[in-house]
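What follows is one structure encoded as structure tokens, with my remarks underneath.
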Amino acid sequence: MPAPEAPEAPAHDPLGRERAHLTASRAALRAMREDVEALDIRDVTANWVNAAVLESQINERIKALADLAHTPLFFGRLDYLQTTQEGQRFYIGRRHVHDGEGDPMVIDWRAPVSQPFYRASRKIPMDVRLRRRFGYTGGDLTAYEDEHLTDPTEADRTSRLLQAEIERPRVGPMRDIVATIQPEQDEIVRSGLSGTVCVQGGPGTGKTAVGLHRVAYLLYAHRERLARTGTLVIGPNRSFLHYIEQVLPALGELEVKQATVADLVAHVEVRGADEPAAALVKGDARMAEVLRRAVRSHVTMPTEPVMVVRGSRRWRIPAYELEEIVRELLDRDIRYGAARDALPQRIAHAVLVRMEQAGEAPDDRVQDSVARNAAVKAAVKAIWPPVDPAKLVLRLLSDPDFLAEHADGVLSADEQKAVFWTRPPRSVRSARWSAADAVLVDEANDLVERTPSLGHVVLDEAQDLSPMQYRAVGRRCTTGSATVLGDLAQGTTPWATADWSEALAHLGKPDAVVEELTAGFRVPREVIAYASRLLPHVSPGLTEVRSVRESPGSLEIRPSEGDGDVVAACLSALRHEGSIGLIAADDRAPALAAALTGAGVRFLAPGEETTPDARLTLVPASLAKGLEYDYVVLDDPAAVVAAEPDERTGLRRLYVALTRAVSGLTVLHSSPLPWQLG
Ligand SMILES: Nc1ncnc2c1ncn2[C@@H]1O[C@H](COP(=O)(O)OP(=O)(O)OP(=O)(O)O)[C@@H](O)[C@H]1O
């Protein structure tokens, strides 16, 4: 129900007035788009390259000005106590809209004047008299809700519109939360570009949502800088990236790249898998030192002088002087490839010094030509040969003496044995590289040639990265910053993060701030309480998620007689609206797929988009992380636990599976439930 109207609004039909503003804003947006469409760039530039760039910018702008039927143009209003520079009343929306005179009709949610919409409270009203939230049905403005922040007689109440948004049944890909970002989330979203933020938060606390909105915010606040340096969102797998890919475009940001860690390090084709013991060693940060030594071992101290013949004169640089040059380059610890590129010039410089001493006056061109001299080239090749990163890693993993030489004092004999290939491949192409090997190649690659850094990187589900993977991500934001999102209790890799400060050190951001989110927006109270029984066994000391959902949700736990019962549970879940996820241990998925097909029930795979007509997804437990479904049917928890190499990882996988549901969870167990759930 609308609250009493603001005094300056007409007493009659305040909703009609807001609708009129919506209609006018839509028209203004249309006019803005038409203005851009009508731009004739022929008069602006005759240069076709400039014209092409301009045209693509215009097309982007037209796309960004699209009026999306189901995303309301504004969702809030702020009436300030004092008149600010821009005015007194602001409608807050996803993008800026102005009228023909250039006066704002809708203000971007990221603008400084919008901030009180998210942060103002009765305690600190931030100069705001009225905060109004709008409710929409389809594209129609149908309700509003007011808070008079400076009125001492008005009582605090929870926003019904916010509750409705949180309780909304889910279907389709992830949506933005721009209308309902909470104060503690907003603090993270608006934290500065220069600092790295790490967010620890239990399931459904909005980490992914916050990370994506932070990117959108940073792009607004630092548009030019980030357009130059680039931004990247890193997620655990393709289906997850597919699930989140529409959030940023809905916020008007079309330029952000998305990748998995595997995409970043795709120097070799990954076709193999490691035993856990090998994976642990390969993911250990000590491997970086082994690789560093192995790369640098290619440098051979010169024993012969270099003799450069120019015309009738010969210039001789003795071995000891060459050695000095090489040592100096090694001490500077620049990239192997950069040092290799610098070496010919250093040798040429030594020749030039001799020429000058002999009374010649050589210039830069002479130095360049000496650097290209065959004798210098031959010396450089012998002293500082090129290193192929993949070949280097191949040799380390297949030549025990080479590995022992560089891992001496770094890896134990057993650790060396663990990573060693028992059947060494013949070539880089034929090797069955594992995901961890690809990261080693990436590290070696960076030792040879610096990896370009981006302006900002969001790393989601970070708890699953190995130290070597953190390093791989870290070198992609050495000159930028990062948002690191994760939950220690959901780590399911052999190297899962146990401690954020250690992880942040591997990332190269030891000074990052660690924030904690504890309010849960996804999982109903009863369900999160059930899942949290596992917390002391998987991550003692972590804070339990406090569900902010009002509806208690449904939780049903019952034995199952066979796959028929699972199919029946899915059919009954399908009677509710929203998406349904059937989560099962990976090795149970084929049997359940057959049972569903046999019963004529259509289902999707993770990554395929749920629609009102296809709402059931069969989710192997290993792909459930980060996803959510309105109703979840969880098949045999004990099998989910048993599928992992150790019990703690199994229980963590189960914790993930138990925390995907928005409205209800049905647990069907054909074997006894793990006692930790008891
Ligand atoms: N402020 C908010 N208002 C409305 N919905 C929200 C808010 N914050 C988060 N949500 C919703 O809660 C759900 C969970 O959010 P999200 O997936 O970002 O959580 P998460 O912490 O990344 O979870 P997980 O640890 O399981 O990956 C999403 O549907 C998201 O839209």
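Numbers run from 1 along the shown chain.
Keep in mind that glycine also has a Cβ here, set from the backbone N, Cα and C atoms.
According to TrEMBL, the feature region 'Disordered' maps to 1-20.
Same-chain neighbours of the compositional bias 'Basic and acidic residues' (10-20): 2, 77, 134, 141-144, counting only residues six or more beyond its ends whose CB sits under 8 Å from a CB of the stretch. If you look up TrEMBL, you'll see 10-20 marked as compositional bias 'Basic and acidic residues'.
Per TrEMBL, the feature domain 'UvrD-like helicase ATP-binding' maps to 180-524. Confidence in the domain 'UvrD-like helicase ATP-binding' (180-524), given as mean pLDDT, stands at 93.
All protein chains shown were included, and the count of other CB atoms within 10 Å of the CB of LYS207 (ATP binding site) stands at 26. If you look up TrEMBL, you'll see GLY201, GLY202, PRO203, GLY204, THR205, GLY206, LYS207, THR208 marked as ATP binding site.
Per-site Cβ counts within 10 Å over the binding-site residues GLY201, GLY202 peak at GLY202. Around the Cβ of GLY204 (ATP binding site), the same chain contributes GLY520, PHE521, ARG522, VAL523, ILE528, VAL545, GLU628, THR659, each under 8 angstroms and 6 or more positions distant in sequence. Long-range C-beta contacts of THR205 (ATP binding site), restricted to its own chain and to partners at least six residues apart, with a cutoff below 8 Å, comprise LEU517, THR518, ALA519, GLY520, PHE521, VAL545. Apart from GLY201, GLY202, PRO203, GLY204, THR205, GLY206, LYS207, THR208, the residues listed for ATP, the same chain places the Cβ atoms of ASP487, LEU517, GLY520, PHE521, ARG522, VAL545 within 8 Å of the centroid of those Cβ atoms. In terms of DSSP helix, strand and coil, the compositional bias 'Basic and acidic residues' (10-20) has 7 helix, 0 strand, 4 coil. The C-beta environment of THR208 (ATP binding site), restricted to residues of the same chain at least 6 apart in sequence and closer than 8 Å, consists of MET174, ILE244, ASP460, LEU485, GLY626.
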